[in-house]
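*Asks:* Pulled these from TrEMBL:
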| type | residues | note |
| --- | --- | --- |
| TRANSMEM | 52-74 | transmembrane segment |
| TRANSMEM | 86-108 | transmembrane segment |
| TRANSMEM | 128-153 | transmembrane segment |
| TRANSMEM | 165-186 | transmembrane segment |
| TRANSMEM | 219-239 | transmembrane segment |
| TRANSMEM | 251-267 | transmembrane segment |
| TRANSMEM | 287-304 | transmembrane segment |
Amino acid sequence: MIDTDITKDNITTFKYAVKSAKPISASDKVELETPFKIWDPSKGIQLGPVTLHFYSLMFVFAFGFGYLLMTKIFKIDNVNQKYLEPLFTWTLIGTILGARLGHVIFYQPELFKEDFWSVFLPISTKNGLKFTGFSGLASHGATIALIFTTLYYSFKIIKKNPFWVYDRLGIVVALGGAFVRMGNFFNSEIVGKPADPNSPFALLFPQQSSEYGVTVPRYPSQLFEAVGYVALFILLWVLYRKTDKKYQQGWLFGLFFIILWAIRFFVEFLKEPQGDEFIQIGSLNTGQVLSIPFMIAGVIIMIVSKKFKITQAENEKPE
């Protein structure tokens, strides 16, 4: 409930909804009592004149921990560490470029005509030149780009079967995906659909209130995905360390594809649409439709992986 003496004469809207008729002062007190929790964090950590955004920090964690984890994997498999730097570079290029292009192609194709440079650069020229950062990134696009950059890395640099690289990269990506979704959570973006106010999962995202409603609690779909990706990471790591599946090149990668995109597919039922839904089949949204081919590909990869078995000696053979 709202307990306040504020009237339409002194304030036309509440905080986050849009604007006020006059600056809001201490006397203009608005108290919101709800049975659900309110998620309204700061955007980041203030370091003097610079703000370290939590979303950017989560990306740093994703690539930082990913680098450390891949370093350990290369040591386990007796791979020369000189191959680590180019893998990191190509993974970074594929992730950022693919994620951005994927978002524009699948969700905001009008940007190619309306604000072309914003597709490739963190700027907008639509209403004057300004720095915006990349506000739209799509995991499906990042995945497609990573497939191609990793193919190049596999054949031209490390000279191993691409599935050998994919198996190990999938472990790292699962953990990185959890960090990215935590970044979305800190940004109050990719929010869920309305939830029962009495649900233990109900959260209010005030920073999205102007678009989705001032007092509408929602599912924290970002957290659901993040938890799923952490569980997938643990599963893949255990299988890699405790079983011989890492010698069946492609098996871990196929499993990664199936579970990762299944998580995305089912969580989408609880998400608000992300931009315009240009690809839909029945009640399935764009994210779900795009996830289906990846799950099918995962099944096929697991089936054919038996053809790419190697021995432990072959796996750990020094260059």
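Every residue, even glycine, has its Cβ placed from backbone N, Cα and C.
Since this is a predicted model, take the numbers as computed values, not measurements.
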*Asks:* Count, for each of 86-108, 128-153, 165-186, 219-239, 287-304, the Cβ pairs lying under 8 Å from the transmembrane segment (52-74), and report the range with the highest count.
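*Replies:* Result: 165-186.
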*Asks:* Determine which residues of the chain contact the transmembrane segment (287-304) at the Cβ level, with the cut-off under 8 Å and only residues 6 or more beyond its ends counted.
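*Replies:* For the transmembrane segment (287-304), the sequence-distant neighbours (Cβ-Cβ under 8 Å, at least 6 residues beyond its ends) are 106, 140, 143, 163, 250-251, 253-258, 260-262, 264-265, 268, 271, 274, 279-281.
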